[in-house]
Amino acid sequence: MSDTAPQPKTAVSNPPVQPLEVGFDARDVVRISATSDVPQPERQLDKLAKLIDISKCIGCKACQSACIEWNDTHPDIETNIGSYQNPHDLNPQMFTLMRFSEWVNPETDNLEWLIRKDGCMHCEDPGCLKACPAPGAIVQYSNGIVDFIHENCIGCGYCVTGCPFDIPRISQVDHKSYKCTLCSDRVAVGQGPACAKACPTQAIVFGTKADMIAHADERIADLKSRGYDNAGLYDPQGVGGTHVMYVLQHADKPSIYSDLPDNPRISPIVEGWKGVTKTAGLAVMGIAAVGAALHGLFSRGNRVTEEDTEEAEALVESDLHDRRGDV
Amino acid sequence: MTNSWTDIKNTDLVIVMGGNAAEAHPCGFKWVTEAKAHRGARLIVVDPRYNRTAAVSDYYAPIRPGSDIVFLMGLIRWLIENDKVNREYVTNYTNATFLVKDEFGWSDGLFTGYDEEKRDFDRSSWDYKIGEDGFAQVDMTLSDPRCVWNLLKSHVDVYTPEFVEDICGTPKDKFLHICEMIGECSAPDKVMTSMYALGWTQHSKGAQNIRGMAMVQLILGNMGMPGGGMNALRGHSNIQGLTDIGLMSNLIPGYLNIPTEKEPDYATYMSTRNFKPLRPNQTSYWQNYPKFMVSFMKAMWGDAATAENDWAYHYLPKLDVPTYDAMRMFELMKQGHVNIYFFQGFNALLSFPNRAKMTEAFSKLKLMVVMDPLATETSHFWENHGIYNEVDPASIQTEVLELPTTCFAEDEGALVNSGRWLQWHWAGATPPGEAKYDTWIMAQIFLRVRKLYEEEGGVFPDPILNLTWDYANPDDPTPAELAREMNGRALQPVYDTTDPTKVLVEAGKQVLNFSQLRDDGSTMCACWIYSGSWNEDGNNMARRDNSDPSGIGIYANWTFAWPLNRRILYNRASADMQGRPWDPARALMTWNGERWESPDVPDISPTAKPGDVMPFIMNAEGTSRLFARGMMRDGPFPTHMEPFESPVANIFNPKMRGNPASRVFVDDAEQFATSEEFPLVATSYRLTEHFHYWTKHNPVNSTLQPQFFVEISEELAAEKGIANGSRVRVWSKRGEVWAKAVVTKRIRPLTVRGKTVHVVGIPLHWGFMGAARKGFGPNSLTPVVGDANVETPEFKAFLVNVEPAEEEPVA
């Protein structure tokens, strides 16, 4: 037996779960959509991360099943469209999805079946949050989790535009945006994400980002010993790093994994839009005092100006058209 | 499994062939990822499809469905030729040295003694030469041309790498690469594990596939080793329990046999079961057969089973045929010989071959009783569901009774996992509606039948009237009561065999384990191999201590493993002739000069001297068997047999169809197709998203894999004009199905005997009941024929054709 990296702190199905020491709550928010001058929390939580090791993933979809069960969603029973991928895409009822791609390695001529669990990457620099014009609809905690606060969501779809990974989906039923929460409700009480808990091969593990990087290093060394010379960690710096990371056998070619972006960045349109958002957001907040109780902020109703809405719709429509042309 | 799930972490090399562990056993597969991650183990997959296991493998090679024996015999040939053999192990722990009768031989694909009329062999020549001392003759130098080793060498000589490529379609370079990876495991400190499942069993020669790999493991010296062994991944959480308890027509719990008509009395029955050792000093543990048999009879009939009446042997049914397996029963049903049939947790309409025959058979029943937690296709076989169940309900007169039962999460008891662990579990939910425990239902039926016999008499009421039924509440035997019965207890004081004055077990107490069972009627035990699971220490199956002081995954205090809480079978073979572990870093058994030391329960007498007593104590030889004697109906060595429906003729004997010793019913034989009519090879399998035909009732599973599909190669799709995701019709000589086409690079055409062979993959999870979209199972297409030894249907290799179909009309 070789020396092993520290075991993930939570959500390891066997041995049993060891809870994280610290939970978190609204006091740990560091960024709020359409809100400037967020008071900085008194404490800084450990940065957390989910690590998805594609070389250990068997594509069993236990993660999808656990996600449906934990979040109590009810995705449609669809059809088979010539793939193992079901539902066909992420949707407001399905926050994570195994994407299957059959790739013939040009160097060896061997087939590789690359199975990637897709879902929110929880960017350190979250494009969705930057793009969001609705105050308090998207927040980021000091541990890195990016969460949608649905009562504040106006369903404008800017977050879709802002996301370099094409993750959020707008519900046609309640006109809110949905994505993986990194099981913020579980993590808040010292448990790991449901998907990691359910993963039978520990392809999904969860813990502090530092531990996850150490764990990934061990996995990458193992993959290199098996001839995957370009094995590596996917923690893209274009978005400031992510709190969901992948171990890739071919880290030099992320796009072979069902179009994982080679070098994700927040769209320049969103970066430009950001200034306006801030202003509009502040206007919406009106007399809301800086430092108002965050609980109040979360539970407040949605109000935006007509101007905001029009601009948002135009932006989203053009962008959605570009992105979804091939769906 | 000879080993356990947890033991797989100890391996250096995993070969998954005849199974798809990641797909069908994702939770157990974690031990493969563990071995890979922390031991640097490598994973080989050999399968017709590049499957989910292949997706995380180090090396993959394709193979034609139904040609595994050729691959395995080719591998044995390569190992011998390249001296990748654990010599000491082979010479001492296998029957390589045993001399075989001169009359034994093989030609034209057949072993000696074949009778074409009977479809059976006279197996008398498939045996050892017995010396004047009554023991089998051996040649420890392996030079006698009649020794098993030399017979094996000549038997495998034809299976060259070129031959393997020609018959299996496996590229020669890939085959040789795998041989080299496996060959490394002949070193004492390298171990391979074999993980297989229904990809090997569901063939007309399934048992021989498995034997082939078992022989490889013996030649490498990997049986009994931590990280080694032959590991059958059972397809159902308690299917190991089903076989152990003997829920087959020819078995008594604990792998004892139901008598046949040729054994009218107990003396005759026992005369072929004396299990005299074939070599000096050997254990031949089955010599204890009478103790297990008498204790079973006492468990059944208590005081009515006496020495005077041969333990009520006359109560036992006597088989007039080898088995009344499901395929025979459905054949009899089709012929109108069956009036009532109980389907207990058995959705036969989708799980047995040739669905049209099932429907015809069920329609001849007067009464069908279905005990199941779900509304199954079987209980609705009479209902018209359009193309998905095209029947005329008005023409079916069968009365169907559905008795809703609890499911596994609603009751208590032990499930026996692949590693033979009896894991007790507790009810997690209250049964819904009118659902009742299976045991409650069975008790109600029994009590009513008994009452009828009491009141009305009958031809032979004794076995019913005298059946032991001493449960606290006769209406509802508890799992604990049944489990204690399986463990067994003393009916009278049990004395020490070496000191007749010493009482080992007081009357009424649970026996410690099966070593305390007796053949004098003083003990009862319903299933001897489970003895020890609930003794006076309590319910050992409920233990949940996951400490593992040895660090090699024994977990001795976690539940109970049969036999005797032993986790690795044949573990004596993990040490050499001097009793030293082959690999000190993985020490399992060590001889300390006086006795065996082990974190596991030694699979040999603890004081049996190494060199004297050989490790395979259940066998009369004391050794394992490279040559199976007459114990298998279809040959002492595996030999290449084509599937009954094959794209090519058997290269050894073009007249030979399938397994020459398989039972075939006349009507079924007429429905075997030729490759001229049906050119494509089909194989069936499970998907991770579903469990059999159960989870299609669950919306979450149905979301993850909603609709029936078949998988075909890009080449076949192009040839037939089939687009990915379009609808196709697949048909065989027995039926047709409609499915979505998944066109994939994961299946490639193979070249077999110069011919291009396409493979069609058919997963098995859809029907016309439940939440998922309506579909079909592969059994609409498959032929009715089973393994020659155990009648497992040939679901893994058959012939079909495929064509594009109109899209389904929108309802």
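Using the three backbone atoms N, Cα and C, a Cβ is placed for every residue, glycine included.
Under the heading compositional bias 'Polar residues', TrEMBL lists A:1-15. According to TrEMBL, the [4Fe-4S] cluster 1 binding site annotation covers A:Cys57, A:Cys60, A:Cys63, A:Cys199. Among the features that TrEMBL reports, [4Fe-4S] cluster 2 binding site is placed at A:Cys67, A:Cys180, A:Cys183, A:Cys195. Summarising the annotation, TrEMBL assigns [4Fe-4S] cluster 3 binding site to A:Cys120, A:Cys123, A:Cys128, A:Cys163. Taken from TrEMBL, the feature [4Fe-4S] cluster 4 binding site applies to A:Cys132, A:Cys153, A:Cys156, A:Cys159. Annotation source TrEMBL lists compositional bias 'Acidic residues' at A:307-316. The compositional bias 'Basic and acidic residues' annotation in TrEMBL covers A:318-327.
Projection of TrEMBL feature records onto the structure.
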residue  : record                          : Cβ neighbours (10 Å)
A:Cys57  : [4Fe-4S] cluster 1 binding site : 25
A:Cys60  : [4Fe-4S] cluster 1 binding site : 25
A:Cys67  : [4Fe-4S] cluster 2 binding site : 27
A:Cys123 : [4Fe-4S] cluster 3 binding site : 28
A:Cys153 : [4Fe-4S] cluster 4 binding site : 24
A:Cys156 : [4Fe-4S] cluster 4 binding site : 24
A:Cys159 : [4Fe-4S] cluster 4 binding site : 31
A:Cys163 : [4Fe-4S] cluster 3 binding site : 28
A:Cys180 : [4Fe-4S] cluster 2 binding site : 28
A:Cys199 : [4Fe-4S] cluster 1 binding site : 28
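With every protein chain in view, the residue among the binding-site residues A:Cys63, A:Cys120, A:Cys128, A:Cys132, A:Cys183 whose Cβ has the most Cβ partners within 10 Å turns out to be A:Cys132. In sequence order, A:Cys60 are the binding-site residues among A:Cys60, A:Cys128, A:Cys153, A:Cys156, A:Cys199 whose C-beta falls under 8 Å from a C-beta of chain B. For A:Cys195 ([4Fe-4S] cluster 2 binding site), other Cβ atoms within 10 Å of its Cβ number 27.
Apart from A:Cys132, A:Cys153, A:Cys156, A:Cys159, the [4Fe-4S] cluster 4 site neighbourhood in this chain, defined by C-beta within 8 angstroms of the site C-beta centre, holds A:Ser33, A:Cys128, A:Ala131, A:Pro133, A:Ala134, A:Ala137, A:Ile138, A:Phe148, A:Ile154, A:Gly155, A:Gly157, A:Tyr158, A:Pro168, A:Ser177.
In this structure, A:Cys128 ([4Fe-4S] cluster 3 binding site) is part of a helix by DSSP.
Distances between the Cα of A:Cys57 ([4Fe-4S] cluster 1 binding site) and those of the binding-site residues A:Cys128, A:Cys183, A:Cys195 are shortest for A:Cys195. The distance from the Cα of A:Cys67 ([4Fe-4S] cluster 2 binding site) to the Cα of A:Cys199 ([4Fe-4S] cluster 1 binding site) comes to 11 Å. Rounded to a whole value, the Cα-Cα separation of A:Cys156 ([4Fe-4S] cluster 4 binding site) and A:Cys120 ([4Fe-4S] cluster 3 binding site) is 18 Å. Taking the centroid of the Cβ atoms of A:Cys120, A:Cys123, A:Cys128, A:Cys163 as the [4Fe-4S] cluster 3 site, the other same-chain residues with Cβ within 8 Å of it are A:Met121, A:His122, A:Pro126, A:Gly127, A:Leu129, A:Val146, A:Cys159, A:Gly162, A:Pro164, A:Phe165, A:Ile167, A:Pro168, A:Lys179. A:Cys199 ([4Fe-4S] cluster 1 binding site) is 26 Å away from A:Cys163 ([4Fe-4S] cluster 3 binding site) when you measure Cα to Cα.
For A:Cys195 ([4Fe-4S] cluster 2 binding site), the nearest of the binding-site residues A:Cys60, A:Cys63, A:Cys120, A:Cys128, A:Cys159 in terms of C-alpha separation is A:Cys63. Closest in space to A:Cys159 ([4Fe-4S] cluster 4 binding site), of the binding-site residues given as A:Cys60, A:Cys128, A:Cys180, A:Cys183, A:Cys199, is A:Cys128, taking the CA atom of each residue. DSSP assigns A:Cys195 ([4Fe-4S] cluster 2 binding site) to a helix.
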